[in-house]
Amino acid sequence: MTKKRVLTGVTTTGIPHLGNYVGAIRPAIAASHAPDTESFLFLADYHGIIKCHDPELIHESTQAVAATWLACGLDPEKTTFYRQSDIPEIMELNWILTCITAKGLMNRAHAYKAAVQENLDKGQEDQDHQIEMGLYSYPILMTADILMFNAQEVPVGRDQIQHVEMARDIAGRFNHRFKEVFTLPEVKIDENVELLVGLDGRKMSKSYGNTIPLWENDKKTQKSVNKIITNLKEPGEPKQPDESPLFEIYKAFATPAETAEFTQMLAEGLAWGEAKKMLAAKINAELAEPRERYSALTANPAQIEDILQAGAQKARQQARVLLDQVRDAVGIRALK
Ligand code: ADP
Ligand code: TRP
C-alpha cells in the first residue's frame, strides 16, 4: 500500500498558542497516527527569520515549538520530524524554484500585498518601502518545503491556503517546463475549525500578541480567557454565538453535542463570566497531560535536539534523492 504523504510546518517566532494548536498541530498529529499516512512535520525556522529579527526569540521559540509537537503526541518514530534549517537541500531547491517562479505570482501574495497596502495607507511614496525579499519570496520557500518531500496533503489554517495553491502552481510549471518531478500538493483544512480569533478581535497570531498561550497553568489560562471580547449583555439576557469569539474557541474544544448545549445555554442567558469558566475548563482538561509532558521536555533540551537530529538524518536521505532529480532536470549534473 502506498501511503499518503502529509506535511506541515510551524514558524519559530513565538510560543505556540491555541490557534496553532487547533488549526495546525492537532489535526496534523491526528493525521500522523492514521495507518495509511506518512507524515512530515517541521520547524520552519528560516520562515521565522523573515518576520522576527530577535535571535533569542527565534532560538527560544525553536525549543518551544519542538517541545509542543512532542508534548501534543507527535511520535518521532512514525513521523519525520525535523528543523527546516537542518535540511540544506530545501535551500537549494528554494533557489531552483525561485528561478521558475513568475514575479507576478509573488506580487499577488497576501503577506506582500498587505505590506504594500500598509505603505500606501501611510502615504509612503515607495510602495515597497522597508519590504524585504524574504517576505516577498516567502511563498517560494514554503513551496520548497512542500515539494522537497513530494507532499500530497498539507494541513494548514485558512490563512495559508493561498501559499499551498502557489506551491501547486510552481510545481506544475516546473513539471511542464522540465520533467514530471513534483507531486501537486493539496491543501487540507479542518472543516470544523474556523480561524481562531484572538483577544483583540483580530486573528489569533503570535505577531499580534493577542494569543491564548498553550503552556500556561489553569489559572493563567482562565485569566487569558477572561480577556476575550464580549458585549455588555447582562446575565439572563439571551446571547448569540456570533456575539463573541469565545464561542468558536469553545467549539474547537468541544464535541458537537457539547457545542449545541453551549449554544442553548447562551440563548437562555448564560452569563459571559460563566461561559468563560466553561471554556477555560474545556481547554485545561484537554491540555492537562500535554502540559506535564511539555514541562519534562523543556527541562531537557538536549533530548529534543537529539530527536531533531535523528529526524534531519531521515529527511535528508529522501531530500537528496529528489534534489538530484531536480538538478538533473534543469541540467545541473556531473560532466562525463
Ligand atoms: P502565527 O500567525 O501565530 O504566527 P503561524 O503563522 O506560525 O502562526 O501558523 C502556524 C500554523 O497555525 C499555520 O498552519 C496556521 O494556519 C495555523 N494558525 C495560526 N493562527 C491560527 C488561528 N488563529 N486559527 C487557526 N489556525 C491558525
Ligand atoms: N508559512 C506557514 C505558516 O506561517 C508555516 C510553513 C512553512 C508551512 N512552510 C510550510 C506550512 C510548509 C505548511 C507547509 O503558518
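Here the Cβ of each residue, glycine as well, is placed from N, Cα and C on the backbone.
Listed in TrEMBL:
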- Thr11, Thr12, Thr13, Gly19, Asn20, Gly157, Arg158, Asp159, Leu196, Lys203, Met204, Ser205, Lys206, Ser207: ATP binding site (BINDING)
- 12-20: motif ''HIGH' region' (MOTIF)
- Asp145: L-tryptophan binding site (BINDING)
- 203-207: motif ''KMSKS' region' (MOTIF)
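Recorded features from TrEMBL, shown on the structure.
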| residue | record | Cβ neighbours (10 Å) |
| --- | --- | --- |
| Thr11 | ATP binding site | 24 |
| Thr13 | ATP binding site | 23 |
| Asn20 | ATP binding site | 23 |
| Asp145 | L-tryptophan binding site | 26 |
| Arg158 | ATP binding site | 14 |
| Leu196 | ATP binding site | 23 |
| Met204 | ATP binding site | 23 |
| Lys206 | ATP binding site | 24 |
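When the motif ''HIGH' region' (12-20) is classified with DSSP, helix, strand and coil residues number 3 helix, 1 strand, 5 coil. Across the residues of the motif ''HIGH' region' (12-20), the predicted structure has a mean pLDDT of 90. Thr11, Asp145 are the binding-site residues among Thr11, Thr13, Asp145, Arg158, Leu196, Lys206 whose C-beta comes within less than 6 Å of an atom of ligand 2, given in sequence order. With a cut-off of 6 Å between Cβ and the nearest atom of ligand 1, the binding-site residues Asp145, Arg158, Lys206 reduce to Lys206. Secondary structure at Met204 (ATP binding site), taken from DSSP and collapsed to helix, strand or coil, is coil. In this structure, the C-alpha atom of Arg158 (ATP binding site) lies 18 angstrom from that of the residue listed as 'L-tryptophan binding site'. For Asp145 (L-tryptophan binding site), the nearest neighbour among the listed binding-site residues (Thr11, Asn20, Leu196, Met204), judged by C-alpha distance, is Thr11. Here ATP is bound by Thr11, Thr12, Thr13, Gly19, Asn20, Gly157, Arg158, Asp159, Leu196, Lys203, Met204, Ser205, Lys206, Ser207 per the record. The longest Cα to Cα distance in that group is 19 Å.
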